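Engineer: Feature list, courtesy of TrEMBL:
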{"type": "BINDING", "residues": "B:A163, B:P164, B:S165, B:R166, B:C167, B:G168, B:K169, B:T170", "note": "ADP binding site"}
There are 2 protein chains.
Amino acid sequence: MANQPTVGAGGTPTPTVFFLSDSTGITAETLGNTLLTQFPAQRLERRTIPFITTVEQARDVVATIDRVAASGPRPLVFSTTVSPDVRAVLAQSAGHFFDLFGAHVSQLEQALGSSANGLPGQAHGVGDAVRYQSRMAAVEYAIEHDDGQSLRALERAELILIAPSRCGKTPTTMYLALQHGILAANFPLVEEDFDTMALPKPLRPFAEKCFGLTSQPIRLSQIRQERRPNSNYASLAQCTYELRNAEDMYRANNIPYVNSATMSVEEISATVLQRMQLHH
Amino acid sequence: MANQPTVGAGGTPTPTVFFLSDSTGITAETLGNTLLTQFPAQRLERRTIPFITTVEQARDVVATIDRVAASGPRPLVFSTTVSPDVRAVLAQSAGHFFDLFGAHVSQLEQALGSSANGLPGQAHGVGDAVRYQSRMAAVEYAIEHDDGQSLRALERAELILIAPSRCGKTPTTMYLALQHGILAANFPLVEEDFDTMALPKPLRPFAEKCFGLTSQPIRLSQIRQERRPNSNYASLAQCTYELRNAEDMYRANNIPYVNSATMSVEEISATVLQRMQLHH
């Protein structure tokens, strides 16, 4: 079956996209997929082949691409491999070859007035060990401080995300920790917190670290229905009440906030980093 | 101070790298930083400016770049903005302009035989809502099943990472969940598990989902020292014992495994996805 072309709903064979890398494949996937979002109607099969570091491995990959090409539409090949020898082999496959790395490196050599070192991709290796360890420590911190579980060490936090339940605090915290090494805690706002417009007591010393999330009542109600169907917790009235009060609390305490209803964790994170000036 | 150039240890002013995007900036950072790893000696200041969607915003960004350029070395500018109007403005700054998007899109239009839709970056938005929700659900699942906390629903896992304490299970699980939507549990191997070479009982029905991590005894001992200094847990003898037995257990049960001692979570994840054929 491996050589049978996948056929889309309309009966048209689906082209395969290969993401090729001498390292993890993350950069090839990231830029390749970004470019492909410009063609949303195009159905595609995706396949990542990481850790291609030798000419022999490159020849095997070319054979794989050529087999796919022989039995269906011409594949797309996005490559970030660094070695000129490996690239020269990969460029000979029957696919459309996109050299995402080579296209820019000579311009960069000119701009910096020095030569690329030619070593295989180091961007997603351990690299800077201090930075890497800070990311790993941030993941642990995020798990320990998820959902207000531990109020110990809130003073260590660089950021405290606050919001009613199910507005996106947990995955955003995890993303900021894992990708940016931000020591991020999160703290749930519950009905009792809205008796006054003051911040919940554990947060008061740390108001300047707080960032609020809000959502649309209908959207929040849908999400809560999945967790506890037909509960008061998931009712539109309850969601409306909590979100309105949370927004009032943010405004009363000058807490910056964003409506996360239609945003991804990546978009929420980019917004938080920008507004809180938190880039490392 | 904003206009003062940062000065490196050798007294040379440090160039600033701008990552410009109409969306999160993730793609610009990812490819830009990948290219810059080829120049490891180069000290750089990094600055991401996301969500540049209008010509007016682009003009403000150019003014910022030009201020930096006026008081120090010529900045580097990596851009993934899609709109030709916005790009045309950004390209006029005093920095070296790298058009990471435009450089490839016309080749891709030819390959696919259709036109790019020209909409601002959607790669890190919610995009495919089903895929996005599966990533968010996987993050929750990873938190619930971290460190063998919950053996409920191990049958739902697509992957169970197993290893002695501090080999990288938790951050790898989190990465696979957040970036790839993999339902990943992890399970710690402890001394009592090594009385026999059989898998721990809760894992036996799921051997084909298991992937093992091991490490170097000295490296593991260093990491454990940070958590519990001068403990038996952190001793070289104990680490050696646990890692040898874990590796024997993996081999005895045909569990694929990797030595994570010098690998990043991204590299471990790429290896696990490839060996377990887990790409979504």
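Including glycine, each Cβ sits where the backbone N, Cα and C put it.
Describe the structural surroundings of these features, if you would.
Structural biologist: Sequence-distant neighbours of B:G168 (ADP binding site) (same chain, 6+ apart, CB under 8 A from its CB) are B:L213, B:S215, B:S260, B:M263, B:V265, B:I268.
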Engineer: Determine the minimum-neighbour residue: among B:A163, B:C167, listed as binding-site residues, which Cβ has the fewest other Cβ atoms within 10 angstroms?
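Structural biologist: Among the binding-site residues B:A163, B:C167, the sparsest Cβ neighbourhood within 10 Å belongs to B:A163.
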Engineer: Below 8 Å between Cβ atoms and chain A: which of B:A163, B:S165, B:T170 make it? I'm asking about the binding-site residues.
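Structural biologist: Contact set vs A: B:T170.
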Engineer: Can you name the residues of this chain that are 6 or more positions from B:R166 (ADP binding site) yet have a C-beta less than 8 Å from its C-beta?
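Structural biologist: Listed in sequence order, they are B:S215, B:L220, B:I223, B:R224, B:R227.
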Engineer: By a 10 A CB contact count over all chains shown, which of the binding-site residues listed here is most packed: B:S165, B:T170?
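Structural biologist: That would be B:T170, with the most Cβ atoms nearby.
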Engineer: Excluding near sequence neighbours, so keeping only residues 6 or more apart in the same chain, what lies with its CB under 8 A of B:P164 (ADP binding site)?
Structural biologist: B:P188, B:L189, B:V190, B:T214, B:S215, B:L220, B:C239, B:E242, B:L243, B:A246
Engineer: Would you mind listing, in sequence order, the residues at least six apart from B:K169 (ADP binding site) in the same chain with a Cβ closer than 8 Å to its Cβ?
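Structural biologist: Counting only residues 6 or more apart in sequence, the Cβ neighbours of B:K169 (ADP binding site) under 8 Å are B:D147, B:L161, B:I162, B:A163, B:N186, B:F187, B:P188, B:L213.
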